Amino acid sequence: MKFFLMCLIIFPIMGVLGKKNGYPLDRNGKTTECSGVNAIAPHYCNSECTKVYYAESGYCCWGACYCFGLEDDKPIGPMKDITKKYCDVQIIPS
């Protein structure tokens, strides 16, 4: 019984850290665009996602950098479900 009560107290305090995918937002609430030359260079968004937003990887999807493995506390831009499903399939290997 004591073990059960202790678990009820400790687990919520520990929290659950997860990863998410999406278009990360900067301080101004804008996404990193990858149009033109940046869209052609496949490593631009991967570099932005890993070095600026501390994600696992990223690539250009629909004109903005789409990051994989963002921390839960990083804000991401709103998107439609169909866009998320499309961008979640990583086309360009990082």
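Cβ atoms here come from the backbone N, Cα and C positions, even for glycine.
Pulled from Swiss-Prot, these are the features on record:
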- C34-C60: disulfide bond (DISULFID)
- C45-C65: disulfide bond (DISULFID)
- C49-C67: disulfide bond (DISULFID)
- C61-C87: disulfide bond (DISULFID)
- 20-88: domain 'LCN-type CS-alpha/beta' (DOMAIN)
- 1-18: signal peptide (SIGNAL)
- E48: site 'May interact with a positively charged residue of the receptor site' (SITE)
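Where Swiss-Prot records a feature, it is marked here on the structure.
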| residue | record | CB count, 10 Å |
| --- | --- | --- |
| C34 | disulfide bond | 23 |
| C45 | disulfide bond | 26 |
| E48 | site 'May interact with a positively charged residue of the receptor site' | 19 |
| C49 | disulfide bond | 24 |
| C60 | disulfide bond | 24 |
| C61 | disulfide bond | 23 |
| C65 | disulfide bond | 25 |
| C67 | disulfide bond | 31 |
| C87 | disulfide bond | 21 |
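Using a 10 Å Cα-Cα cut-off from C34 (disulfide bond), the disulfide-bonded residues that qualify among C61, C67, C87 are C61. Each residue contributes its Cα atom, and for C87 (disulfide bond) and E48 (site 'May interact with a positively charged residue of the receptor site') these two points are 16 Å apart. Of the recorded residues, C49 (disulfide bond) and C60 (disulfide bond) place their C-alpha atoms 10 Å from one another. Calculated from their C-alpha atoms, the gap between C60 (disulfide bond) and C67 (disulfide bond) amounts to 9 Å. For the domain 'LCN-type CS-alpha/beta' (20-88), the model's pLDDT averages out at 91.
In this structure the alpha carbons, written CA, of C67 (disulfide bond) and C45 (disulfide bond) are 8 Å apart. C65 (disulfide bond) sits 8 Å from E48 (site 'May interact with a positively charged residue of the receptor site'), counting Cα to Cα.
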